[in-house]
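Below: the structure, in structure tokens.
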Amino acid sequence: MASRSGSFLLLLLAYHCCLLADGEALRCPADCLCRQEKGEVECERPNTLRAIPGPADVNNIDKVKELYISGQQGLTKLTREQLAHYKGLIKLVIKNSNISTIEDGAFKNNTNLTMIDLRNNKLTVLRRTLFSNLRLAELLISNNPLACNCSSKWIQLWQSQSRASFHTEKITCTRNTDGNTQTLDIRDLQLDSSCRLPTATVLTREVTINKTQDVVVTCEASGSPEPTAEWDTARLRSKFTVEIDELGRRQVLTIHNASEDDNGNLTCIAKNMVGISPANFSLKINAPPRIRSLDYKQLFHKSICYDVHGYPLPSLRWYKGSKLFTTRNYPVSIQMSRLEPYESAGCLKFEVTSHVYNGNYTLVATNTYGQTSRSLVVTFMRPPPDRTIAIRDPTSSSYNGTPGPTTDDNVPENQITTYTRIETYIAVAVSSVVFIVVAIVLYCMRSRKISRRECNVNGSAAPLQRSTSESNGEVVSRDSLRLSRLHVVENPNYFRDSKELVIRHIQRDTIHFVGELGEGAFGRVYLGKCEKLNADEDSSLVAVKTLKDMGVEDARKDFDREAELLTNMQHENIVKFYGVCTEGEPWLMIFEYMENGDLNNYLRSHGPDAAFLIKNPATHKELSVVDLLQISVQVAAGVEYMASQHFVHRDLATRNCLVGENLVVKIGDFGMSRDIYSTDYYRVGGHTMLPVRWMPPESVLYRKFTIESDIWSFGVVLWEIFTFGKQPWYELANHEVIECITSGRLLACPRGCPRNVRALMLGCWKKTPVQRTNIQDIHKKLKEMLENRHQVQVDIVA
């Protein structure tokens with residue numbers, strides 16, 4: 001007994017040590033439940049609270065992300081002080097309680113809030129200005145005795161705009177008419193013209209001044225009920241004063257001794273109980289250039305990136321050492337984006353790096369008001385060691401060859417010759433060993449390939465190779481197409497007009513390899529340059545896919561089939577296939593190069609967790625909801641096109657989509673994902689790799705792949721996009737995922753995901769394939785959301 005007690009105490013001590021190691025455990029009020037790992041506080045025991053738990057009740061209160069309170073009749077008022085310490089709060093639920101008043105500024109410190117649930121309280125007035133600093137995805141306020149007057153007009157407006165999910169619930173208001181209480185749906189509320197949105201007017205819309213001058217600008221608010229005007233001065237760096245009239249309807253802003261840091265738009269806001277209206281004022285301050293940053297960065301290409309301010313926008317020149325550096329004679333490109341009329345940022349991208357590019361790079365920025373420069377010493381690659389030995393000619397007192405580093409004159413000539421012979425012997429020996437090792441490896445790989453083919457013939461890998469057809473017999477998978485012989489033509493325009501499928505042939509001497517991108521089961525993928533690929537460009541960056549195991553006949557047949565299929569797949573959201581090179585070995589496929597890599601990695605590096613995943617998160621702006629919708633529309637367009645061609649992808653996932661400039665997204669699979677994202681696949685029968693986390697029940701159970709199974713996968717792709725690249729079912733092992741999918745469980749809704757996007761996901765995940773939303777409707781609905789981007793932006797972000 002004593003030994004059991006001792007063991008228990010040791011375990012308890014170890015547990016507390018772990019808590020101390022990971023941070024202090026979350027302390028909770030007596031009648032609440034706290035989950036430290038999720039940052040949740042739940043207070044649902046009835047009538048135990050009279051105020052929101054504060055710092056004295058909950059330690060690490062600023063780390064709390066979700067607060068749930070329910071059934072608290074003693075909770076009648078919500079003040080700014082009560083929520084001030086919950087700075088990390090994302091989700092707030094206070095329902096089935098007695099809240100009748102919410103103080104102005106109650107949510108001022110909770111800028112991360114995206115969801116508020118105030119259902120079943122006693123609110124008669126809920127002011128729009130309470131939420132002006134929040135980016136709400138969802139606001140639930142039904143079953144409150146809201147007044148049917150102008151204070152509820154903003155709710156009606158939000159319902160008509162489908163903002164904050166108001167369109168999904170019925171919200172009512174009450175009014176007394178001749179002693180009778182009447183309940184109305186707020187959508188049907190009729191109010192006269194005295195209840196309308198205010199208007200903000202800036203008397204001067206744009207001003208250009210010189211640095212150190214003062215500027216005065218006036219804003220007026222008009223409308224009914226009586227509005228107030230307010231300048232948003234958060235971005236000003238210079239001293240300023242604001243004069244306000246007695247009614248608060250007019251504000252005069254004076255900026256003293258303005259500096260270039262004040263450049264940009266200032267916003268004046270008109271507010272009343274109906275809502276908020278903004279008006280912008282553009283301030284442009286003439287100032288000499290400033291180079292705010294000049295840094296070396298390892299992006300896809302090694303780059304020198306800059307950020308330059310100044311108005312008018314400065315012109316830029318690059319120098320290497322003392323010489324003007326241009327991109328004309330170097331494999332270098334300049335990517336520049338004009339962020340504002342006074343700011344320019346971009347990168348000098350080195351598509352090929354070598355020690356010859358090492359040096360001192362200087363950026364010179366010039367405008368009408370001055371010039372500035374900044375330098376950066378960059379070492380891209382260490383120069384190779386110079387092993388040249390100048391050997392004296394026995395018959396001459398001079399040296400042969402190009403002058404270079406010479407040996408010590410005191411070293412005997414026969415010793416120099418001996419060193420040269422030793423190095424020659426070593427080089428020959430090493431080359432022989434390398435040749436033998438390579439020959440053994442190639443032999444083993446070929447033997448393995450042959451055994452794998454025999455395995456496929458015997459049926460152990462049949463689930464991956466099985467062809468699938470729809471009822472009409474036209475839908476086929478990528479691996480089951482039976483294609484005719486390979487057609488080759490020099491002119492790239494022939495296959496566009498010809499009725500017969502023709503594949504473009506690219507000459508090997510026009511292809512130049514730059515670097516390796518990755519390796520898949522078929523062979524390696526390289527970054528390359530291809531000359532005269534497009535009529536308007538001397539050379540183009542391309543992705544070059546190589547075929548290994550050239551001696552295996554099946555590999556050549558697969559190459560022919562895939563090339564013929566890809567030639568027929570021409571769409572703006574499918575990675576472009578340029579053609580093949582079958583001169584010599586290895587055979588090559590030439591694809592469009594997408595410089596931002598795969599979509600999964602792009603989402604992760606531009607999401608809320610980028611700080612944990614990449615070295616320089618500040619250089620990767622987080623994607624907005626509109627950006628995520630733009631990505632979704634493009635992937636849907638690609639899937640719709642594949643369906644129209646009766647093509648089943650079978651491995652649709654963000655890892656198999658690629659991202660180019662300006663957030664252009666295209667579906668493509670160079671075959672590398674099975675190696676780079678090996679944890680996304682489940683190995684079956686020794687060789688077959690199945691992406692079970694993206695597969696519908698019929699594909700998991702019966703290896704049945706159809707257009708409808710691709711639609712299920714597209715729903716998972718949507719889930720990936722709105723979780724910024726998380727792995728589906730990331731908390732489960734592969735065998736647990738299979739159990740969940742076959743038992744009917746679905747992925748949870750991503751945090752901050754619009755409800756109409758969630759509805760599309762659910763439509764993709766119907767258990768019966770024929771009940772799934774067709775891809776044409778999915779694409780159409782996503783396009784409509786993107787076209788109404790301002791409403792979507794307000795719904796999710798504002």
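Using N, Cα and C of the backbone, Cβ positions are placed for all residues, glycine too.
As given in TrEMBL:
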- 1-25: signal peptide (SIGNAL)
- 198-286: domain 'Ig-like' (DOMAIN)
- 394-413: compositional bias 'Polar residues' (COMPBIAS)
- L517, G518, E519, G520, A521, F522, G523, R524, V525, K545: ATP binding site (BINDING)
- D651: active site, proton acceptor (ACT_SITE)
Neighbouring C-beta atoms (10 Å sphere around the C-beta of V525 (ATP binding site)): 20
Taken over the domain 'Ig-like' (198-286), the model's mean pLDDT: 91
Neighbouring C-beta atoms (10 Å sphere around the C-beta of L517 (ATP binding site)): 18
Assigned conformation of the residue listed as 'active site, proton acceptor' - DSSP reduced to three states: coil
Alpha-carbon distance [the residue listed as 'active site, proton acceptor'; V525 (ATP binding site)] in Å: 19
D651 (active site, proton acceptor), number of other Cβ atoms within 10 Å: 22
Pairwise Cα distance for D651 (active site, proton acceptor)/L517 (ATP binding site) [Å, integer]: 20
